[in-house]
Amino acid sequence: MVSSESLSESAAPPPKKYGVTKPLSLAGPTEADLQRNAELEKFLRESELYESEEETARREEVLQRLDEIVKQWVKQLTRQRSYTDQMVEDANAIIVTFGSYRLGVHGPGADVDTLCVGPSYVNREEDFFILLHDILAEMEEVRELQPVPDAHVPVMKFKFQGISIDLLYASITLLVIPEDLDISDQSILYNVDGPTVRSLNGCRVADQILKLVPNAKHFRTTLRCLKFWAKRRGVYSNVTGFLGGVNWALLVARICQFYPNAIPSMLVSRFFRVYTQWRWPNPVMLCPIEEDELGFLVWDPRKNPKDRTHHMPIITPAYPCMNSSYNVSPSTLRVMMDQFQIGNKICEDVELNKAQWPALFEHYFFFEAYKNYLQVEIVAADNGDLRAWKGWVESRLRQLTLKIERDTNGTLQCHPYPNEFVDMSKPCPHCTFFMGLQRQKGVKVQEGQQFDIRGTVDEFKQDVSMYSYWRPGMDIYVSHVPRREIPAYVFPDGYKRPRQSRNTIQHTPETDAKGCMSSEERRSKRKQETHTVDVQSDKLPKRASISPQDIGSVSPASVSSRSGGSSQIITPEESLQEVKTAGLQNQSSDDKSTEDTGEQKPCISE
């Protein structure tokens, strides 16, 4: 006869499953882990990653004021369109947040991502981007108002009482918007267009992430830490082909699922341990991908050929599930994997008491890493035009990386640096971006061989020149700059750069302030421009600029199809994982995954 005690033991529920697989380890912290965690959290506080109570109160006041403005705007539109008095009284719009603010990991001075949800009769094209825009433009509290209606996710950017705001709009199929609207309810997506789905999904994804992690507090601390690390190491930027806030949040959340009882110091180490061994392009997912009768396209490389070209799929957990990291290219993936390896080595040293946490967050010296760089200088007639022009050019820089890799068959690799620089000695509104260039490792080239990328750069500039809102004064200059000729303004105060050679060009206001040249001077300069890159020898060519040519532009789709090295998705049957102390290893091909498009199935080694 079986005793009641043994029966209760056999009926004990299995450990809760987070994500698409079982946890990799249920181990909790040791005394050493707790000590390292205290040191990590102390470092984060000393690094001023948490905003003050005063700034928190200011953000809440701004959000409340913004909510009042959109409510008045919708009531005004309802009245102007001759709806009944009752409709005018009931007319409503609400402001909800998403991104780092909704996740609770925003820091001092960070943007607040906001979404205005309005009724079906208030549209985005005219009511939001024209009427609401004009209302905001007349307000003294609003500065630097910049509408971006043609973006993948249409947005209005501005500062409200000094707080940076990104405002999206979603018109849903309701005549009256309730104050307690449930954004996570799938019915909210009924009969809406693609931009509206993408606008709503920011909030829906953030809510799902917090539901799918075992411990929200540990998740927030770990994410705050990894975002800080990514910014210090120059790999935090979705627009230039690295990862943005939601991407880092999803990667961290998956590590929290793998190690549900771990504390932040452990999770940071496991983050690098896992992702240095991750077999991309296998996807990172927090939950299974769900189909729905609403019929929106979801990420599925079996059905969608375009999904098979993604290099680092990180899938959003809210329907419709999408790849949040489609901007990642082979070059930016290589850069991130290199940084993961460096981070993993430092974390191993921290666990062995050979290093301290500050070593993990040292700045990446981008201008010492390469012998050759591309300098992309953006100029405009005034600061307002520069904001709009810079946003457009920056969104296209990823295409320059892809075009260079395509036209050199991947032998010339690009490392776009996400930070922008400003030369304070120049009188004209401008900013500059840089890309590091290097020959692909292991590829043999002849002595003195050069890469001629003039046609590639001209094609990129022609593509950029198609900007719909171009205004006189908007221009772009792309130059090859050897390391010894990197301009001094990119280096921080007090930094001692390597000694320059005698042949270094002496930059003067006349030669550097290209944005202030007359049209005659520009034409004269462009006639003399050449553009080749020698990455074989230490003898670097002199700096040269590139002029625009009337060469046909290439769409992002065609660039993707023409770029070499497109990766195919590795199915779980072809490549499965086993976690050991050194990372993820191959396991028996007999194991099967539960999802055809799912993550590789991990297990814990004994």
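Placement of Cβ uses the backbone N, Cα and C atoms for every residue, glycine included.
Record features, source TrEMBL:
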type	residues	note
REGION	1-33	region 'Disordered'
COMPBIAS	1-11	compositional bias 'Low complexity'
DOMAIN	19-213	domain 'Poly(A) polymerase nucleotidyltransferase'
BINDING	ASP111, ASP113	Mg(2+) 1 binding site
BINDING	ASP111, ASP113, ASP166	Mg(2+) 2 binding site
DOMAIN	218-362	domain 'Poly(A) polymerase central'
DOMAIN	366-423	domain 'Poly(A) polymerase RNA-binding'
DOMAIN	430-499	domain 'Poly(A) polymerase RNA-binding'
REGION	493-606	region 'Disordered'
COMPBIAS	509-541	compositional bias 'Basic and acidic residues'
COMPBIAS	552-567	compositional bias 'Low complexity'
COMPBIAS	589-599	compositional bias 'Basic and acidic residues'
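Annotated features, which come from TrEMBL, shown on the structure.
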residue : record                : Cβ neighbours (10 Å)
ASP111  : Mg(2+) 1 binding site : 16
ASP113  : Mg(2+) 1 binding site : 24
ASP166  : Mg(2+) 2 binding site : 18
How far is it from ASP111 (Mg(2+) 1 binding site) to ASP166 (Mg(2+) 2 binding site), counting Cα to Cα, in Å?
7
Centre the Cβ atoms of ASP111, ASP113, ASP166, go out 8 Å, and tell me which other residues of that chain have a Cβ in range of the Mg(2+) 2 site.
GLY99, TYR101, VAL112, THR114, LYS157, SER164, ILE165, LEU167
How many whole Å apart are the CA atoms of ASP113 (Mg(2+) 1 binding site) and ASP166 (Mg(2+) 2 binding site)?
5
Where does the mean pLDDT land for the domain 'Poly(A) polymerase central' (218-362)?
95
Treating G and I as helix alongside H, and B as strand alongside E, what does DSSP give for the domain 'Poly(A) polymerase RNA-binding' (430-499) in helix, strand and coil?
17 helix, 20 strand, 33 coil
As a quick check of your reading of DSSP, tell me how many residues in the domain 'Poly(A) polymerase central' (218-362) are helical, how many are strand and how many are coil.
74 helix, 6 strand, 65 coil
